[in-house]
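Taken from TrEMBL as is:
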- B:29-48: transmembrane segment (TRANSMEM)
- B:54-75: transmembrane segment (TRANSMEM)
- B:82-101: transmembrane segment (TRANSMEM)
- B:107-128: transmembrane segment (TRANSMEM)
- B:135-158: transmembrane segment (TRANSMEM)
- B:178-198: transmembrane segment (TRANSMEM)
- B:229-249: transmembrane segment (TRANSMEM)
- B:261-277: transmembrane segment (TRANSMEM)
- B:284-301: transmembrane segment (TRANSMEM)
- B:307-329: transmembrane segment (TRANSMEM)
């Protein structure tokens with residue numbers, strides 16, 4: 001109560017001050033024993049925390065399960081933490097927590113290349129190794145980046161798939177995300193170059209943008225097929241676009257005659273692969289990505305590598321990897337999903 | 001001063017001794033719970049006793065603590081400001097754009113605070129001059145300010161700020177784990193506490209919250225007072241936006257998205273009545289620290305963030321239920337007296353004359 005009695009106010013103010021003082025001094029006094037907390041106590045601190053963009057995301061459930069598998073193989077301890085929504089600054093408190101716990105390494109998919117940089121720097125100064133995967137930060141904020149696929153590889157696999165599916169000639173269109181999506185535009189540029197170089201008989205008639213919105217992408221697909229009656233194939237380098245296009249095609253007369261490929265996830269595309277709308281599409285294997293990231297973290301923690309270009313390390317069943325420029329490690333070529341293998345995946 | 005006397009008279013005849021009344025207040029309860037949570041966390045949660053914990057905790061709650069100060073005053077007058085987090089975002093974008101344009105950082109920051117102040121004045125204008133309800137106005141400006149912020153900068157971010165300033169935002173008071181920004185907060189908290197609890201102006205805020213017509217009749221300029229509060233809220237939110245930007249080296253239109261709910265939740269948890277006329281700043285500060293400490297301790301204990309959200313939500317509901325339950329028990333106990341009170345007033349009824 002805000003009553004008129006100053007003594008009472010003073011009393012509660014003192015209580016509050018005591019509370020804050022307790023918080024402050026309590027924390028200050030025990031600084032000595034907090035150094036190696038949370039570690040295993042062994043030679044190398046193999047406590048590894050995975051921090052996805054957000055929790056409850058099937059993609060990260062798959063990748064982090066790969067990480068957990070690897071950590072079990074080399075005998076570390078696995079933990080997954082993360083925010084419920086993928087906002088740039090929401091990851092900061094989890095990075096801080098990992099630093100406080102003194103984990104050996106943090107494997108993070110960044111919601112923003114810059115927003116978590118300072119927090120990562122602070123964690124690294126507390127001896128936490130930082131590996132980014134899936135989505136990188138600025139190179140100077142982490143020890144290693146596990147790159148799922150190179151832009152060249154992504155562009156090439158999509159061109160190869162569509163060329164194969166339409167028999168090497170005819171009109172194709174691209175259904176992208178938004179017109180200013182940096183990665184999509186880079187891929188499209190490389191795809192155009194690759195088409196020109198290797199498939200002169202394929203004509204790219206138009207690039208349309210579905211804004212990564214399901215309905216917009218659906219409508220743009222319909223419009224493409226009306227505008228270009230001769231269209232033989234669509235490439236959609238975005239998981240939202242390819243699923244919407246597949247949904248349109250599967251109920252249209254063009255089902256099975258107009259080819260569709262691009263980047264998609266197995267769960268979204270399963271029914272369209274099974275009903276014959278889509279033959280094959282690409283993405284990387286997120287379980288392998290998490291698996292590789294965990295082994296990379298281990299190699300950093302044990303001092304096997306430092307992140308120098310040319311460093312090599314073993315990653316269990318995936319074999320040997322070499323650190324490339326900008327302390328990045330490339331998982332490999334994109335993975336092609338088709339009717340034979342799609343049931344092996346759940347994300 | 002007339003308002004003061006009215007307020008004082010309401011509380012005078014208490015049968016219970018002062019210490020018992022102090023112990024029974026909502027604010028004291030929150031302070032005690034905060035202390036308990038800190039003590040229990042220190043004893044049971046691994047690494048909670050590291051100085052880093054205090055630093056990170058205080059750094060993260062700093063914007064919430066700052067904005068909770070004017071928010072308390074606004075809610076005491078039975079108004080609300082839902083646009084504060086959008087003002088943080090807008091101020092963040094303004095700071096970023098002006099810094100990018102080559103303006104010295106202090107000037108960019110000043111401009112951001114000014115923009116926040118103007119945004120607050122716009123809220124105040126709509127509430128007091130046009131006479132719209134603040135809930136509706138600030139739901140509108142929540143979207144409006146956020147829209148302008150995102151519109152100005154798009155979905156990109158500006159990340160290049162002078163290191164001397166970002167370092168300052170993260171610096172600790174030498175020799176302690178307490179961030180420097182807490183000094184500023186402490187000064188502001190004292191100013192606000194004195195204003196709210198020790199001045200006629202503060203009493204007039206309670207008077208407005210309890211009954212704005214009566215307050216107006218007793219000579220309080222209700223409109224002007226409320227206008228000032230919204231301006232104050234905008235200015236503090238603007239400053240919090242600058243701090244937020246420096247803390248994360250990141251000016252984005254969607255910065256602090258949803259923070260208005262955290263602030264209001266903490267203010268209500270701290271014992272401020274959403275119906276106005278009741279609350280105290282030490283309770284609010286304890287409320288903010290309680291939610292922050294609980295989140296920090298639970299995260300350190302490895303509890304997933306979904307469950308932390310559930311726990312925080314339950315805590316808030318429990319705090320509201322306990323207040324209502326207390327009021328209901330008192331209604332039963334002092335039934336005859338209480339029935340004469342106006343609905344929605346959760347002050348403790350006076351005991352029957354002996």
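Backbone N, Cα and C define each Cβ position, glycine as well.
Taking pairs at least six residues apart, the transmembrane segment (B:261-277) and the transmembrane segment (B:178-198) share fewer than three Cβ pairs below 8 Å and do not count as touching. The transmembrane segment (B:54-75) is in contact with the transmembrane segment (B:284-301), judged by 3+ CB-CB distances under 8 Å for residue pairs 6 or more apart in sequence.
A contact between the transmembrane segment (B:29-48) and the transmembrane segment (B:284-301) is present, since 3 or more of their C-beta pairs, 6 or more residues apart, lie under 8 Å. For the transmembrane segment (B:135-158), the neighbouring stretch richest in Cβ pairs under 8 Å, chosen from B:82-101, B:107-128, B:229-249, B:284-301, is B:82-101. Within its own chain, the transmembrane segment (B:82-101) has Cβ neighbours under 8 Å at 63, 67, 71, 107-109, 111-113, 115-116, 119-120, 123, 135, 138-139, 141-146, 148-150, 152-153, 157-158, 160-162, 233-234, 237-242, 244-245, 250-260, 263-264, counting only residues six or more beyond its boundaries.
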